[in-house]
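Here's the structure, in structure tokens; my notes come after.
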Amino acid sequence: MKKTFSALALALTVCLPSTLYAKNNVVVVATGGTIAGAGASATNSATYTAAKVPVDALLNAVPQIQELANVSGVQALQIASESITDKELIQLARKVNELVKDPKVNGLVITHGTDTMEETAFFLNLVIHTDKPIVLVGSMRPGTALSADGPLNLYNAVALASSDSAKGKGTLVMMNDNVYAARDVAKTINIHTNAFNSQWGALGTVVEGKTYWFRTSTKLHNDSSAFNIEDIKGDALPLVQIVYGSDNMLPESYLALQKAGVQAIVNAGTGNGSVPNYIVPTLVKLQQEGIQIVRSSRVANGFVLRNAEQPDDKYGWVVAHDLNPQKARLLTALALTKTKDAKTLQEMFYNY
Ligand code: GLU
């Protein structure tokens, strides 16, 4: 009896941690940015060189992440995110696709520069078919600065990526303790650590390694997306560019893009994606010549209402709904790999 009891006790102590409490495997895919930045002194919180520190050093700087998950690192890029082109985006997506297909991987963290983190997050949200958590994270201060925000952001990101509760919620952005949906998160302040926001609110928050959820995104993403990185050939997307709206615009800005070979122009218009009366004829003509015109807005919040301010039905134009111009560029480029029909493109803007 005594023997059976001690055998049972031994089995429990040996087996419980590795079965019931087995840690998930998380891969940190490093791409550069400030989170991998280094400055000359601790007071250089804004003057430093981005994309310097390799992934192993990033992971070793926060040993506590190994308590949350079995964490390993991959260096995919070492770049400041404003220099990412479609080529790097596609390359990164292929790497991410390979990793999520690995049955041993439970979740991914992607360390990234904050400037275009919202674009990369949205792109992965559209083209990676998985329910495994994919979490993008960055920092506003380099690791060498006083009160560097990278270490806790990374800890939170690993907590989120290793959490089964994050499965199927779409590609996520973890910044400043908040969890955001890739589709509506944006960098809204360029100098403080609360740099990211969504007009529809955060999905949740991470506190001391535990994730608390408050809402989910209703839009198509990852497994439910019609786009797939495996269908993208080569290293470029259909060319789509943005023109920023203001007073005193020039038709030549749009015509130069036509000359450069764009298949669509996202107009980051004023207010409701408005187009000046002296620009309308140029955009009507470009649409008739086969270039899609997508009306987005330079205003960060709200959404562009179809057939308001401009007769979109009459002109065959598309509205970007609540996607900001940079996300509208990516959705349009992906859509153009499947369709040239403005009505189908419009539906996509409502669904993603
Ligand atoms: N501009 C750099 C980048 O986006 C550094 C900014 C940052 O990561 O916060 O990679």
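FYI, residue positions are counted from 1 along the chain as it appears here.
Cβ atoms here come from the backbone N, Cα and C positions, even for glycine.
Please treat TrEMBL annotations as automatic predictions, because they have not gone through curation.
Marked as signal peptide by TrEMBL: 1-22.
Residues or ranges marked as domain 'L-asparaginase N-terminal' by TrEMBL: 25-216.
Taken from TrEMBL, the feature active site applies to THR34 (among others). The DSSP secondary structure for THR34 (active site) is helix.
All protein chains included, THR114 (active site) registers 23 other Cβ atoms within 10 Å of its own Cβ. Per TrEMBL, active site is recorded for THR114 (among others).
Look at the domain 'Asparaginase/glutaminase C-terminal' (240-349): DSSP puts its residues at 42 helix, 21 strand, 47 coil. Taken from TrEMBL, the feature domain 'Asparaginase/glutaminase C-terminal' covers 240-349.
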List of residues, in chain order, with Cβ under 8 A from that of THR34 (active site) and at least 6 apart: TYR48, ALA50, GLY113, THR114, GLY138, SER139, MET140, ARG141, PRO142, GLY150
Three-class DSSP secondary structure - THR114 (active site): coil
